[in-house]
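> Quick one: the structure is below, questions incoming.
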């Protein structure tokens, strides 16, 4: 490819990087960062008062305790926003004319901006305390998520598929609750078992079946996807594929863990 061709694509990408509402990134991303910080600090304050076991935790355990509260609140917010955008809003409906891959609104961009602020904050914490809060797979997951979410917010491209992938965050509260129960010494409790079963089915729906539906949707609207910028196409094809492979690997671990727990209780 010639130098002029690369320059042309670079200029085209810069045009895409100007959002329809240029104020949104400057409000939503800081809002996501500040909200994450606020939840972290409030959790630290409340936990020290209402949870006796909190004071007995190590420093890094307290950091993870507060970090998981932060990720839980983000998961609840973005799951609700994603379900609304994908299934309830008319923004991405096939009933209307226009390419769905280029549809966006101030509300949809704002939701993605808040999520980008969270992923930026959480990635920073993971790297700062590495590997205590997660290994390289978590770094890869957050980098891909942040890249895809930020690109969709700034360009308005592929927001539907970004929100589809973000629905998978609905499994996060259950994963975090599992960690809390384990840390509190309740691994043998009935609540721990029930939570494990819920995680299994939630993961199956949100991170396996939903991704299959998304791949089907992309195939059905392939002609519209191919009209996106080359980098946007790359994100639509590659990011969900990489995440789905990671989801399948984690699902196998969840299945083995649940099977092992059920065997011990028989």
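Placed from the backbone N, Cα and C atoms, the Cβ positions cover glycine too.
Heads up, here are the entries from TrEMBL:
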DOMAIN    60-263  domain 'TLC'
TRANSMEM  69-87  transmembrane segment
TRANSMEM  107-131  transmembrane segment
TRANSMEM  138-154  transmembrane segment
TRANSMEM  160-180  transmembrane segment
TRANSMEM  192-214  transmembrane segment
TRANSMEM  234-255  transmembrane segment
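For the listed features, I'd like the structural context: burial, neighbours, distances.
This prediction places the mean pLDDT of the domain 'TLC' (60-263) at 94.
Using a Cβ-Cβ cut-off under 8 Å and counting only residues 6 or more beyond its ends in the same chain, the transmembrane segment (138-154) has close neighbours at 16-19, 24-25, 28, 104, 109, 112-113, 115-116, 119-120, 122-123, 126-127, 130, 162, 165-166, 231-232, 235, 239, 242-243, 246.
The list of residues near the transmembrane segment (192-214) in space but at least 6 beyond its ends in sequence, with Cβ under 8 angstroms from a Cβ of it, reads 161, 164-165, 167-168, 170-171, 174-175, 177-178, 181-182, 186, 240, 243-244, 247-248, 250-251, 254-255, 257-258, 261-262, 265.
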> Can you tell me which recorded stretch out of 69-87, 107-131, 234-255 has the most Cβ pairs within less than 8 Å of the transmembrane segment (160-180)?
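If we count Cβ pairs closer than 8 Å to the transmembrane segment (160-180), 69-87 scores highest.
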> Could you pull out which residues elsewhere in the chain have a CB under 8 Å from any CB of the transmembrane segment (69-87), counting only those six or more residues past its ends?
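Counting only partners 6 or more residues beyond its ends, the transmembrane segment (69-87) has Cβ contacts under 8 Å with 32, 35-36, 39-40, 43, 108, 111, 114-115, 118, 121-122, 159-160, 163-164, 166-167, 169-173, 176.
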> Report, as numbers and ranges, which residues of the same chain sit near the transmembrane segment (107-131): CB under 8 Å and 6 or more residues beyond its ends.
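Beyond its ends, the transmembrane segment (107-131) has Cβ neighbours at 19-21, 24-25, 27-37, 60, 63, 67, 70-71, 74, 77-78, 81-82, 85, 89, 91, 138-139, 142-143, 145-146, 149-150, 152-153, 156, 159, 162-163, 166.
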